[in-house]
Amino acid sequence: MDNRKVFIIGLGLIGGSIALAIKQEHQNCQVYGYDINQNQLKVAKSLRVIDEVADTIETGVKDADLIIVATPVSKTEELILELVNYDLKPSAIITDVGSTKEKIVNKAKLFAEKDVTFIGGHPMAGSHKTGVEAAKSHLFENAFYILTPASETEMNKIIHLQNWLKGTKAKFIEMSPEQHDKLAGVISHFPHLIAASLVHQVSKLEKEEPMLLQLAAGGFRDITRIASASPVMWRDILVHNKQTVLSLLTNWQTEMERVKGIIETADEKDIYQYFETAKKFRDGLPTRQKGAIPSFYDLFVDVPDHPGVISDVTGILAKEGISITNIRILETREDIMGVLRLSLRSDQDRDRALACLTNNLYEAYISS
Ligand SMILES: NC(=O)c1ccc[n+]([C@@H]2O[C@H](COP(=O)([O-])OP(=O)(O)OC[C@H]3O[C@@H](n4cnc5c(N)ncnc54)[C@H](O)[C@@H]3O)[C@@H](O)[C@H]2O)c1
Ligand SMILES: O=C(O)C(=O)C[C@]1(C(=O)O)C=C[C@@H](O)C=C1
């Protein structure tokens with residue numbers, strides 16, 4: 001794979017993270033990047049996420065062995081229409097990272113006329129953050145990476161793509177685009193809609209009760225973190241997976257009517273049962289920790305999956321005489337530590353902690 005050319009279109013969180021993972025594994029390959037946002041391109045180059053900037057998509061695809069489209073899903077569909085018009089290297093592999101698959105894979109059938117292979121892809125990990133600054137080579141470590149090859153796709157092309165993406169350390173699985181969209185609708189797209197709707201509910205009530213926001217602590221923050229993600233990305237996902245989301249919404253409305261009924265009748269047994277069944281199912285999900293005390297002075301720190309990282313963070317704060325009242329690991333997915341939530345005693349302590357952790361090269365931020 002060395003001395004080969006990789007071209008990535010869209011250098012945000014996901015495109016940037018994939019670029020870093022590829023560079024780590026295939027050190028002699030050349031990674032070219034293109035983005036409509038010039039600033040993202042400049043940052044990507046200066047952070048060495050890419051080796052070279054491609055001035056246009058047409059020059060970027062020239063001689064590229066691997067092309068990765070990492071833009072919002074509606075743009076990805078448009079870009080496929082554009083890519084088929086260009087002079088692509090024979091035997092090149094083209095993939096995408098979009099959160100929906102059916103529409104993209106259908107559009108990509110246009111590549112059949114060319115001597116290239118398109119394999120749809122979706123790394124099932126991410127963040128509410130956007131942009132190349134948030135990109136990390138370890139973002140997909142241990143996460144599932146879904147591939148949706150066509151039935152006629154040659155096995156060696158799938159293996160080839162997995163080799164390219166080996167540095168992600170993700171677990172590859174294959175399924176049809178239809179199954180992908182159904183499953184992703186249930187565990188990702190619909191929950192996102194609910195998170196956003198909870199925020200809307202609080203935002204409406206906040207006009208009458210200004211204290212609400214200050215009181216919105218652990219629970220509300222946990223369940224709505226994803227509502228801080230890119231509205232462009234999520235608009236596109238919902239447009240693409242409209243039927244799945246609409247059908248889940250209908251089920252949800254029926255379920256809420258049922259819940260309304262058991263609350264109205266104040267049937268303690270039914271209410272208990274409702275929570276107990278949910279708890280049992282939720283507890284069955286691997287590796288989640290509970291028990292944080294909500295705090296108004298929270299600081300969030302991105303941490304890689306290294307032994308000793310928590311003691312390093314707490315040690316840095318101890319040296320500065322900053323007390324932590326609570327510490328909690330917020331996983332963004334299974335098997336990997338993602339974000340540390342530190343609760344501090346005061347605003348001043350939080351500002352000091354932010355400064356000293358940043359000085360020690362940790363990525364720390366105040367709002368999650
Ligand atoms: N964020 C997540 O958690 C996550 C996880 C898995 C997959 N995805 C998918 O990855 C894709 C990218 O998401 P992201 O989180 O990296 O978003 P992002 O906003 O961080 O990055 C998207 C980038 O695409 C660029 N872009 C938009 N239109 C373009 C065009 N026409 N040509 C070139 N560049 C263009 C933007 O300028 C931006 O830099 C989306 O399809 C999303 O569904 C996201
Ligand atoms: O952790 C988050 O912030 C995410 O929302 C990641 C998440 C998800 O729903 O799990 C979001 C969309 C992607 O397609 C894949 C992963």
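Just so you know, glycine gets a Cβ as well, placed from its N, Cα and C.
Pulled from TrEMBL, these are the features on record:
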DOMAIN    4-293  domain 'Prephenate/arogenate dehydrogenase'
DOMAIN    298-368  domain 'ACT'
Tally of residues which DSSP labels helix, strand or coil - the domain 'ACT' (298-368): 24 helix, 23 strand, 24 coil
If you average pLDDT over the domain 'ACT' (298-368), what do you get? 83
